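K.L.:
Pasting a structure below so you can have a look.
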Amino acid sequence: MHSVEAEHDREGLNMLASKRILLILGGGIAAYKSLDLIRRLKERGAAVTPVLTRAAEEFVTPLSVSALAGEKAYRDLFDLTDEAEMGHIQLSRSADLIVVAPATADLMGKMAGGLANDLASTLLMATDNPVLCAPAMNVRMWNHPATRRNHKQLIADGVRFVGPNDGDMACGEFGPGRMSEPLEIVAAVESALSDGPLKGKRILVTSGPTHEPIDPVRYIANRSSGAQGTAIANALAALGAEVVFVTGPADVPPPQGVQVVQVETAQQMSDAVDAALPVDAGVFAAAVADWRIDGASDRKLKKSRDGMPALQFAENPDILKRISHLETGRPSLVVGFAAETDDVIAHATAKRARKGCDWILANDVSPVTGIMGGAENAVVLISDAGAEEWPRMGKDAVAARLAEKIAAALAR
Ligand code: CTP
């Protein structure tokens with residue numbers, strides 16, 4: 001093998017060899033990142049056919065796009081030469097995957113509503129291939145009820161998503177709406193094209209702690225690092241699942257190539273979980289605060305003026321229990337966690353019944369085990385079949401084993 005190819009193979013850079021990607025660029029400032037995306041996809045061996053909407057041409061030129069792709073950039077539905085060359089039906093089916101990046105609010109709206117009035121939207125209507133969207137828009141547009149509806153509809157239609165990320169936006173605001181980085185999109189492309197046993201399955205993972213505010217500067221939290229939930233999300237994505245990762249403020253960086261939804265409080269996590277449905281399976285690895293402060297102060301509590309605060313608590317929604325009891329749209333498999341310090345199997349078995357979930361992964365978090373915040377875990381899987389003790393192993397190995405088991409259960 002040629003040495004450069006060998007190098008690429010070692011680094012997994014040839015993962016997309018012989019794959020054809022139809023890349024639709026919508027009209028948003030994030031289109032500049034799609035130029036780098038083309039390079040990254042090509043580096044991994046993929047062929048990229050670019051398609052620009054009219055609005056995309058305001059942000060990047062067809063020339064730069066086609067030069068990077070090494071292919072013609074398709075531009076307009078009514079270009080008769082193109083129709084003679086390759087009709088839009090054929091074009092839409094010639095790819096292994098259609099990637100929409102940036103997926104603007106407008107494009108998402110057209111897709112959800114079934115509109116087909118230009119080349120990009122017509123290709124998206126005509127295709128029978130999988131579609132991956134990398135949304136990019138202003139945070140208010142992302143949060144607008146119309147976009148929320150369209151997002152839900154597209155998920156129900158089987159469209160996959162990567163991002164958007166939280167962050168500073170070109171328009172000067174902050175929040176969800178930034179397009180995922182090119183390498184994150186590449187990871188999502190690899191996952192979407194993977195032939196793993198979880199191909200075509202959409203799986204939700206909650207992870208990390210929640211922060212419950214006392215006042216604008218203080219909060220109640222716990223010691224969860226998010227390491228186990230992140231490892232599970234990575235392991236599921238590696239088997240080809242489309243993962244939605246709802247995370248509280250964690251210590252570890254979020255997984256790659258999945259849809260990351262960042263939240264702070266239990267209530268926000270509960271809302272984000274609802275927004276992510278429907279899913280085939282849900283893994284609830286987050287350490288959710290059972291209580292929040294009832295009527296958190298909107299100004300900083302002052303020692304001198306307020307004396308010792310009398311904190312009133314209110315119960316948070318139990319996300320795992322609620323999802324386990326859904327009458328319509330319950331995931332086929334619901335997996336919870338139980339952190340115990342004694343009588344692990346007895347407590348976890350009772351918790352499984354109380355929560356109504358299918359499996360509970362129980363672990364002993366007493367300080368002597370060093371598990372909470374550590375790199376290893378020793379779990380017992382409680383299911384209908386009884387208790388299965390797993391040997392102590394790295395959190396990545398626990399995640400890989402759980403992902404395999406989930407794949408086997410969903411294949412049944
Ligand atoms: N969970 C949840 N929403 C909550 C609380 C917990 O989804 N408001 C989920 C967790 O993600 C985890 C499981 O429920 O999967 C843990 O249940 P919980 O009752 O919180 O167990 P422990 O933290 O072990 O606490 P306790 O033993 O006090 O019941």
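Cβ coordinates are placed from backbone N, Cα and C, and glycine is handled just like the others.
Sharing the features that TrEMBL gives for it:
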- 1-202: region 'Phosphopantothenoylcysteine decarboxylase' (REGION)
- 19-191: domain 'Flavoprotein' (DOMAIN)
- Cys171: active site, proton donor (ACT_SITE)
- 198-408: domain 'DNA/pantothenate metabolism flavoprotein C-terminal' (DOMAIN)
- 203-412: region 'Phosphopantothenate--cysteine ligase' (REGION)
- Asp290, Lys300, Pro317, Asp318, Ile319, Leu320, Phe337, Lys351, Lys355: CTP binding site (BINDING)
K.L.:
Mean pLDDT, the domain 'DNA/pantothenate metabolism flavoprotein C-terminal' (198-408)?
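P.N.:
Mean per-residue confidence for the domain 'DNA/pantothenate metabolism flavoprotein C-terminal' (198-408): 93 out of 100.
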K.L.:
Compile a sequence-ordered list of residues in the same chain as Lys355 (CTP binding site), six or more apart from it, whose Cβ lies below 8 A from its Cβ; state 'none' when nothing qualifies.
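P.N.:
Long-range Cβ contacts: Asp318, Leu320, Lys321, Ser324, Gly336.
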K.L.:
Take the Cβ of Ile319 (CTP binding site) and count every other Cβ within 10 Å, whichever protein chain it belongs to.
P.N.:
25
K.L.:
Out of Asp290, Pro317, Phe337, which has the highest number of nearby Cβ atoms, where nearby means within 10 Å of its Cβ, if these are the binding-site residues?
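P.N.:
Comparing the binding-site residues Asp290, Pro317, Phe337, the most crowded Cβ belongs to Phe337.
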K.L.:
Tell me the coarse DSSP state (helix, strand, coil) of Phe337 (CTP binding site).
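P.N.:
In three-state terms, Phe337 (CTP binding site) counts as strand.
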K.L.:
For Ile319 (CTP binding site), which DSSP three-state class applies?
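P.N.:
SS state of Ile319 (CTP binding site) = helix.
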